[in-house]
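Visitor: Structure provided below as structure tokens; questions to follow.
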């Protein structure tokens with residue numbers, strides 16, 4: 001029998017349960033949860049298999065040993081990390097509604113989401129700069145985009161998201177949470193967690209806005225500038241085939257940029273905006289589930305080099 005000054009084990013378990021969050025993703029459509037779980041499981045498997053195939057092809061095929069495909073491999077790795085962080089928890093929420101999430105698990109998920117979003121923003125910017133150099137500075141491209149610079153840029157993109165994610169995750173979870181612990185989302189994100197905070201968060205929101213501008217809008221402006229200069233250079237090309245080839249190498253990347261930035265900006269620029277939780281969930285799905293699934297299809301279906309590499313790898317050449 002435990003000493004009188006120690007709480008019994010069941011009391012500790014009950015207290016821990018009271019501190020847990022509950023993800024309420026798609027709670028407004030309970031009858032659709034089994035179908036949504038099947039759809040999201042299929043999307044998750046397609047994401048993992050498609051991005052793994054991109055990593056495999058760009059690693060094994062010598063025809064894809066260029067800076068463009070090196071950064072595409074890094075993007076595929078980010079998408080796999082992103083999906084592994086979000087999709088399993090989403091499936092558990094749909095199949096076992098009401099299951100609690102510890103604050104530590106919630107904070108870790110938010111940390112990884114913010115880190116992956118930041119890394120992807122910077123990677124897409126580097127990929128746009130790579131296309132700018134290849135089309136606008138073709139004679140100097142090989143000298144500028146050396147293997148050392150590629151590794152340095154990739155490492156910077158991976159590591160840049162960690163301090164940003166750490167600062168905002170620790171800051172947010174130091175606020176007091178009060179009232180019901182139901183998170184009206186399918187993963188732990190800043191906006192739904194802020195609605196549970198019973199303290200003044202105006203300084204935090206202002207810093208989130210500044211960080212979002214720096215992490216999302218500044219890279220987006222750099223990407224837009226790169227593509228404006230690419231378009232100007234392409235229009236000056238004398239041959240139609242040269243223009244088509246130059247634009248085809250950029251089309252896939254431009255589609256991914258529009259999909260990714262168009263949704264992340266809406267969610268993170270105004271974390272306490274008056275959008276309904278249900279609409280935020282739908283918008284968040286586009287950059288957490290849909291874009292990672294579509295990236296391999298966009299880059300492979302529109303790319304003859306990837307198709308040829310797939311044939312060579314499958315034939316064992």
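Yeah, the Cβs are placed from backbone N, Cα and C, and that goes for glycine too.
The model shown is predicted, which means the values in this text are computed figures rather than measured ones.
Pasting the feature list from TrEMBL:
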type: TRANSMEM; residues: 35-57; note: transmembrane segment
type: DOMAIN; residues: 50-299; note: domain 'G-protein coupled receptors family 1 profile'
type: TRANSMEM; residues: 69-87; note: transmembrane segment
type: TRANSMEM; residues: 107-129; note: transmembrane segment
type: TRANSMEM; residues: 149-173; note: transmembrane segment
type: TRANSMEM; residues: 209-234; note: transmembrane segment
type: TRANSMEM; residues: 246-269; note: transmembrane segment
type: TRANSMEM; residues: 281-301; note: transmembrane segment
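I'd like to know what surrounds each of these features in this structure.
Guide: Among residues of the same chain six or more beyond the transmembrane segment (35-57), those with a C-beta under 8 A of the stretch's C-beta atoms are 26, 29, 64, 72-73, 76-77, 79-80, 83-84, 87-88, 90-91, 94-95, 289-290, 292-293, 295-297, 299-300, 306, 309-310, 313.
On the 0 to 100 pLDDT scale, the domain 'G-protein coupled receptors family 1 profile' (50-299) averages 87 in this prediction.
Within the chain, the transmembrane segment (69-87) has long-range Cβ neighbours (under 8 A, six or more residues past its boundaries) at 40-41, 43-44, 47-48, 51-52, 54-55, 58-59, 109, 112-113, 116-117, 119-120, 123-124, 126-127, 130, 150, 153-154, 157-158, 186-187, 288-289, 291-292, 295-296, 299.
Proximity of distant same-chain residues to the transmembrane segment (149-173), defined by a Cβ-Cβ separation under 8 Å and at least 6 residues beyond the stretch ends, is recorded for 67, 70-71, 74, 103, 106-107, 110-119, 122-123, 126, 190, 193-194, 197, 204, 207-208, 211, 215.
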